[in-house]
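Record features, source TrEMBL:
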type: DOMAIN; residues: C:88-280; note: domain 'ABC transmembrane type-1'
type: DOMAIN; residues: C:329-579; note: domain 'ABC transporter'
type: TRANSMEM; residues: C:27-49; note: transmembrane segment
type: TRANSMEM; residues: C:92-116; note: transmembrane segment
type: TRANSMEM; residues: C:123-145; note: transmembrane segment
type: TRANSMEM; residues: C:151-169; note: transmembrane segment
type: TRANSMEM; residues: C:257-285; note: transmembrane segment
Amino acid sequence: MFSFITKRLLSGILLLAVVTTGTFFIAHLAIGDPTPGLLGNSATPAQQAAMRAKIGVDRPLLTQFWDWLSHAVTGDFGTSWRTFTPVNDDLALRLPVTLSVVFFATVLSAIFGVIIGIACGLRPGSVFDRVLKFASVVLFALPGYWLGIVLVQLFALGLGWFDATGYVSPEISVGGWLRSITLPSVALALGAIVMIAEQLRNSFLEVNNQDFVRTLRARGLSKRRVTRHVLRNSAPAALTVLAMMFVGLLGGAIIVELVFNLQGIGILTQQSSQNGNIPVLLGLTVMTVVFVVVINLLLDLVLGWVNPKVRDR
Amino acid sequence: MSPLLSVEDLVVDYRLARKVRFRALKGVSITVDQGECVGLVGESGSGKSTLGRALLGLAPVESGRITFDGQDITHAKGAARRKLANDIQVVFQDPYGSLDPTMTVGEILAQPLVVAKTPRPGAVVEEMLERVRLPLDSVHRYPSEFSGGQRQRIAIARALVRKPRLIVCDEPVSALDLTTQATILDLFIDLQRETGVAYLFVSHDLGVVRRVCHRTSVMYRGEIVESGPTAAVTEAPSDPYTQRLLLAAPVADPARQAQRRAAWLGLRDSA
Amino acid sequence: MTAAPFPANLAPVKRVSLWRRFLRRPAGVIALVVMILIVLVAVLAPWLAPYDPNLVKLRITNVGPGGDHILGGDSGGRDILSRLIYGARTTLFGAAITCVSAVLIGVPAGVCAGYFGGVTDRVLTWISDALQSIPVLLMLMIVAAGTGQSFPVLMVVLGLFMAPGYYRITRGRAQAVRKEPYIDAARVSGVTNPRILRTHMARAVYPPIVVQSALTAGLAIGMQAGLQFLGIGSAQTPSWGQMISNGMLVINTHGLILLWPSIALGLTIASLAFIGTTLADLISIRVEQPTRRMRLRARQELAKAPASAELPDRVASGTHAHEVADCALRIDNLRVGYPSPAGVKEVVRGVSLDAGPGEVLGIVGESGSGKTQTMFAVLGLLPIGGTAVSDGIHVNGKEVGGLPALERAALLGRSIGYVPQEPMTNLDPSYTIERQLVEPLRQVQGMSKAAAKARAREVLVRVGITDVDRVLRSYPHQISGGMAQRVLIAGAVSGRPSLLVADEPTTALDVTVQAEVLELLRELQQEYGMALVIVTHNFGVVADICDRLVVMKDGRIVETGAVEQIFRSPADPYTAELISASLDDADGRVELDKAHVGGEDGAR
């Protein structure tokens with residue numbers, strides 16, 4: 001078990017290294033000269049040259065990389081090329097917003113996905129089950145931001161139940177915080193809920209058809225007890241989807257935040273992309289990949305706990 | 001006369017994990033003559049199938065020597081191995097997995113001929129279908145339209161199209177119903193008489209081996225524990241493991257089975 | 001020469017192509033028609049669009065539908081319909097680029113990883129996992145930062161991130177196919193690796209790739225619209241995402257402007273999704289769930305008034321040897337059926353049998369004879385869709401066939417024990433052996449935790465397991481097949497049932513283990529005085545353990561009687577054929593060869 005965790009951890013660190021290195025070079029090669037983006041097209045060549053010297057892009061790429069890397073490993077992602085404030089400050093300001101929405105969406109999709117998945121798995125072919133199948137196709141077809149727009153119209157502007165836009169920090173008001181993140185989280189989670197529900201339903205049915213379930217019934221175990229065995233065995237597939245969803249939700253948050261006008265990493269990403277603000281983009285990449293690695297590690301631990309065969313590997 | 005096939009001191013190791021190796025064959029020797037059927041009997045994990053696979057180049061040979069028709073084929077690879085397809089063929093156990101479900105029977109039977117660039121493969125395919133007593137219109141059908149026994153006939157026909165001199169039969173009847181099993185065994189015998197092909201016949205069933213094999217070797221944990229004429233091995237074995245194996249197999253006669261069971265119990269309790 | 005009993009002609013089989021079956025699904029057909037229309041619109045855009053999509057007419061700014069401009073104008077004064085039509089072009093072109101690049105990257109990688117395995121597999125899988133753990137949108141934004149105007153480049157990058165979807169599917173298929181004996185057979189036939197990949201592999205991975213492409217195209221279109229929504233891409237190229245983004249700005253005053261591109265987008269993705277799921281349903285081996293109406297109809301068909309001279313098939317087959325009150329098990333005229341398009345497919349067609357207390361009854365037959373289905377009906381545990389009707393099922397003299405499901409289930413683990421065929425798949429892989437033995441004892445027998453644990457050890461010792469502690473702590477994958485079968489027998493008898501039903505309990509085991517397990521079953525049966533019903537195809541097993549015998553064929557009983565008598569003089573020719581097929585007394589090869597040579601000499 002211990003070597004299993006070490007292996008996963010090393011793999012995660014390797015992933016982080018490869019992705020950040022790759023992103024660094026892709027970003028620099030794709031953007032080339034960032035100064036027009038940062039200063040606008042009206043800047044004179046002299047102004048541009050001064051800017052290049054200031055942000056250090058006139059140095060060889062490898063030198064820049066080494067400079068960036070040596071700071072990054074200590075947790076310092078440099079300064080923004082636009083505001084010249086530390087990237088860490090920018091991130092620290094915005095991450096809570098995004099994480100609130102993403103974690104709330106993850107919790108929502110886990111809870112409702114599991115409930116709906118079990119309900120459909122227990123009664124395959126029922127009306128409820130067919131509704132799920134239809135809903136999964138429809139929600140697959142509707143992009144999250146579109147749903148977001150509809151939700152805002154309906155619940156915020158129409159019924160006035162939630163805040164239409166903006167973010168309230170939980171330090172100011174927990175109720176306000178929940179009200180501000182509920183709609184964006186729901187917009188984000190709806191797709192994930194049906195994905196998880198469908199996965200759980202399918203693996204539930206698959207496990208239900210396995211021989212050992214009949215044997216458990218033949219031992220006289222009650223339906224509830226048998227269902228617990230089936231669930232335990234269909235959990236790995238659903239958990240894997242949940243972890244994948246988390247990555248998807250992080251990405252989807254970028255768009256949803258724009259719709260709800262939340263000052264999270266979404267708008268920061270969009271602005272930095274438009275300006276060619278590479279240090280911020282890199283900082284964003286590192287942060288997201290760290291979260292993904294942590295989530296995957298947690299998933300591996302849970303899988304190891306649920307499925308004894310994984311531990312023996 | 002030298003035998004058609006001879007295996008000397010063959011060792012096969014499977015890699016289970018990075019540093020864990022499993023020795024599936026621990027120095028096995030066996031010979032098969034022209035037109036002869038040699039049985040290989042054992043339980044799961046005895047290495048009997050591994051020996052068959054090693055002959056076909058499907059198992060990693062660690063040491064030892066496989067000679068076919070005077071030629072060393074132990075480590076034949078690439079073109080040399082493909083050339084052997086003219087002489088050595090195979091029939092597997094699973095009549096469902098051994099035929100590609102997406103190909104018609106005609107395509108399946110023609111494939112070995114096409115890769116060998118045999119002229120007029122259609123005629124050979126028809127001849128083989130007749131040999132295995134399948135209707136000629138089978139060529140346009142898919143394997144899923146046939147029963148287990150019929151599929152095994154198709155697999156046998158595929159093994160025969162290149163007119164090989166040796167067929168490795170890996171538990172070819174153990175997935176079949178009893179009555180089907182009997183007719184397929186008879187087919188094997190008839191084909192051997194008609195074509196003079198030799199069989200290395202792998203099975204876990206002493207009754208099956210007794211029916212088709214001239215000589216038989218018994219394997220246990222990667223080694224051959226007893227070899228000899230089939231009648232001797234299957235009726236009056238000298239090796240204690242073979243004795244246990246024979247007595248453990250129930251016979252379809254209540255009175256004789258009662259005796260056999262008593263003998264088996266005696267052997268078990270004395271051990 | 002032995003005449004092979006083999007049909008000269010095969011019954012004609014109706015093959016229905018995938019395409020035909022697809023056309024029978026309304027959802028799939030509608031989606032396909034919609035998709036074809038959208039493709040046509042995209043291709044014919046220059047001829048269909050009434051105006052230049054970028055032509056600005058201030059007169060039509062935010063004007064509603066009607067007049068010359070069927071859908072009105074947007075907030076920039078451009079004709080909405082024309083922009084929608086050209087937007088379809090952009091959208092489908094982008095989706096095509098993504099799909100093609102994802103297939104080109106993912107499929108070859110997946111096939112190589114699955115077929116060659118080893119290091120290739122580990123490296124490629126790591127890369128695939130890595131790609132899947134990077135948020136796509138973030139990466140696209142970074143790439144877009146430099147190449148903001150070049151949509152094709154972005155769609156290729158998106159394709160790279162979609163490739164893991166293809167990779168996973170093809171790798172899984174390739175791994176499964178690689179283990180198939182037909183690949184080995186092809187190698188032995190002298191087929192080269194590239195040729196195996198080209199023929200067998202390509203055919204195996206082709207259907208799931210088509211399905212995946214429909215879904216990938218849908219995802220790509222959504223993602224593409226998202227990028228356009230974020231303002232990435234040329235303003236000159238009309239696109240649905242951009243139109244949605246524009247529409248959002250005036251949502252409160254001119255909601256319709258947002259509606260049109262949303263409908264176009266939703267319709268396109270939904271039709272792709274429906275095409276994908278319909279295809280997936282058709283090619284997967286997943287059994288369709290029978291609806292309640294189908295089950296009801298099957299039940300009615302089964303129960304239809306039996307017994308008339310013209311339908312000898314509707315009369316029960318088999319006989320009883322004991323009085324109802326003296327039976328551990330008695331079945332009267334059992335029928336089992338499964339819903340089928342034709343109404344019902346009967347697999348057991350009127351079976352009557354019984355077993356007295358302490359008696360060992362064998363049910364013998366070949367595959368498809370209905371012997372296992374009969375036993376599942378006794379347990380009340382038929383697979384999904386299975387329906388049983390009978391004139392009575394008695395356990396210990398009590399009629400149970402008509403009991404409600406809950407009361408019926410209450411017999412299991414108390415009066416009836418069950419030993420399955422395949423030991424390794426009949427233990428729950430996620431729990432220890434101890435847990436699996438203790439749980440029923442506590443729940444069904446109502447024992448305390450300590451008592452249940454003690455009883456679990458006791459039965460394990462009884463079934464001949466020596467290192468009880470290790471086995472109790474083990475998970476199923478850590479013990480051998482023979483050991484697992486002992487554990488299953490221990491579980492079946494731990495509730496001290498009066499009737500034990502065993503489904504081919506030794507078929508999956510080696511001969512030497514089979515002898516041990518048979519011996520164990522016999523001992524337990526005598527010790528506990530249980531009736532034992534054993535389903536098997538092996539006449540050796542019958543001769544070893546059974547008192548009485550039932551021979552089944554095609555869902556009916558052809559012969560019932562005492563074992564000695566049936567072996568001595570089988571009344572039915574089919575029974576005789578089965579017994580003689582067991583090869584025990586058949587001639588060996590040497591005798592056969594002698595007879596053959598003799599026969600030929602005689603003929604000359």
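Just so it is clear, glycine is given a Cβ too, placed from its N, Cα and C backbone atoms.
For the domain 'ABC transporter' (C:329-579), the mean pLDDT of the prediction comes to 91. Taking every recorded stretch in C:92-116, C:123-145, C:151-169, C:257-285 and counting its Cβ pairs under 8 Å to the transmembrane segment (C:27-49), the highest total belongs to C:257-285.
Taking every listed stretch (C:92-116, C:151-169, C:257-285) in turn, the largest tally of C-beta pairs under 8 A with the transmembrane segment (C:123-145) is reached by C:151-169.
Proximity of distant same-chain residues to the transmembrane segment (C:151-169), defined by a Cβ-Cβ separation under 8 Å and at least 6 residues beyond the stretch ends, is recorded for 90, 94-95, 97-107, 109-110, 113, 124, 128-129, 131-132, 134, 136, 139-140, 143-144, 205, 208-209, 212, 215-216, 219-220, 223-224, 227, 232-234, 237.
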